[in-house]
């Protein structure tokens with residue numbers, strides 16, 4: 001197995017760490033991240049909940065099923081609205097016309113049309129004692145992401161990244177368009193679930209494809225750029241929401257964005273690393289040959305030919321590899337928990353995904369509740385991610401993954417808690433300050449969320465990498481599914497949801513200090529390499545969490561420069577020169 005791994009690294013060296021081929025493939029695959037941003041945040045506009053009040057029969061009219069509302073400052077409207085203990089006007093009850101002190105639940109609502117003329121929330125009146133409908137719609141989508149992460153992650157390891165990517169893209173296109181026209185709530189939920197399955201299938205498979213085709217020194221930059229593409233999707237949600245007032249047309253447009261992914265069937269290659277791990281070495285060589293030709297012309301043509309002939313009495317080394325390795329053992333999620341180090345690492349990474357998703361989507365999905373124009377705030381929430389990714393990408397190559405993700409999560413958690421108590425009152429200045437702090441918190445959490453994508457792919461071996469990414473990101477979907485219901489706790493205390501988000505983020509940030517550092521290290525290939533990857537390496541094993549060799553032998557290899565890490569870095573340096 002060691003020989004096969006060395007051969008793989010030699011083969012991947014012919015395509016180089018990053019060139020025109022990787023750039024071309026990256027642009028095509030990054031469209032999946034743009035689409036994911038559009039689809040995941042679509043409900044923020046399609047099911048937006050505008051400011052609302054009770055329908056007042058004395059002054060509001062119902063004409064052909066539509067509400068013709070009186071002015072919100074009409075004296076009869078104001079006089080019928082109860083005042084809450086905090087001084088705000090109640091939106092869920094009316095004062096009894098006969099008994100001015102008795103509260104009655106609303107039978108119908110009037111919605112402010114300043115920003116939204118139509119939405120699912122307006123159509124189905126998902127407010128007050130029906131808020132659970134909005135929470136359930138968001139949760140069901142996240143549940144689809146959860147199920148898709150588990151099922152499709154394993155299928156991508158079994159059948160390839162590309163087939164799963166394409167199947168998920170078609171599902172996303174069909175369901176994302178059809179869901180705009182379903183008339184009832186329960187059919188809407190069923191399609192939202194499938195919508196989530198399709199989204200996570202394209203997102204995780206495309207990310208793994210990118211990580212497996214670039215050199216170690218480029219993984220950070222590509223990971224950050226991939227995450228920035230997600231932010232473009234968020235901005236598109238805000239832009240289309242602002243320009244298109246009809247929620248059916250708006251959702252159909254969101255769904256049709258997936259058309260951009262269909263040409264990838266002809267343009268994107270399967271992962272050479274995955275092909276090699278499955279014993280399909282000839283197919284892996286074909287992919288690398290194509291990449292090498294695009295990056296370097298015929299520079300390595302003879303080297304690749306020699307690679308195919310070397311160490312083989314039959315002048316076909318790859319046939320020996322296939323004979324030795326095929327059929328490749330099929331790994332499953334159970335293999336991630338069979339050995340102690342892998343099991344502990346899986347738990348820690350999963351908690352990291354859980355916390356990052358809880359805070360990120362808790363902030364993103366609730367931007368409509370912040371003070372200001374909802375489209376502008378949503379766009380800012382997307383834009384603020386980009387400088388976060390750029391700065392994170394730079395710092396990841398200076399500080400590494402572990403120290404940075406811990407710092408960002410702790411700061412993001414503190415920002416959530418601070419904003420929670422600033423926005424708990426009705427002071428407009430405090431509300432504006434809370435909005436600013438929320439954006440700062442999202443800046444921190446966006447960076448840590450981007451790191452965990454890279455970190456997850458680097459911590460686990462090729463044989464189970466997609467399974468590990470799918471299973472750990474499954475925990476992100478669990479927290480994403482819980483997030484809308486945690487947000488409902490604001491009916492008990494306005495500060496409670498954000499306080500929960502912040503505490504979870506801080507806890508996970510502290511535990512991430514026990515993960516090994518991966519900066520500059522090659523991806524582990526086998527299960528054995530994955531189990532011993534970073535043995536004894538925590539933030540407390542050396543100054544500022546820098547890696548310390550797990551053994552004297554490892555230290556000696558490092559001094560000689562013949563460790564896999566040094567080999568990989570030398571290869572990258574050679575290809576870049």
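Keep in mind that glycine also has a Cβ here, set from the backbone N, Cα and C atoms.
Because TrEMBL annotations are produced automatically, they should be read as predictions rather than curated entries.
Feature annotations, courtesy of TrEMBL:
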TRANSMEM  21-49  transmembrane segment
DOMAIN    93-520  domain 'Major facilitator superfamily (MFS) profile'
TRANSMEM  135-152  transmembrane segment
TRANSMEM  164-183  transmembrane segment
TRANSMEM  189-210  transmembrane segment
TRANSMEM  222-243  transmembrane segment
TRANSMEM  346-363  transmembrane segment
TRANSMEM  375-396  transmembrane segment
TRANSMEM  403-423  transmembrane segment
TRANSMEM  429-455  transmembrane segment
REGION    537-577  region 'Disordered'
COMPBIAS  554-577  compositional bias 'Basic and acidic residues'
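Contact between the transmembrane segment (375-396) and the transmembrane segment (135-152) does not hold: fewer than three of their C-beta pairs are under 8 Å, each pair 6 or more apart in sequence.
When each of 21-49, 189-210, 346-363, 403-423 is scored by its Cβ pairs under 8 Å to the transmembrane segment (222-243), the top-ranked stretch turns out to be 21-49. On the 0 to 100 pLDDT scale, the domain 'Major facilitator superfamily (MFS) profile' (93-520) averages 85 in this prediction. Listed by sequence, the residues of this chain that lie at least six past the ends of the transmembrane segment (164-183) yet keep a Cβ under 8 A from its Cβ atoms are 32, 35, 39, 42, 46, 148, 152, 155-156, 191-192, 194-195, 197-202, 205-206, 209, 247-252, 254-259, 261-262, 264-265, 268.
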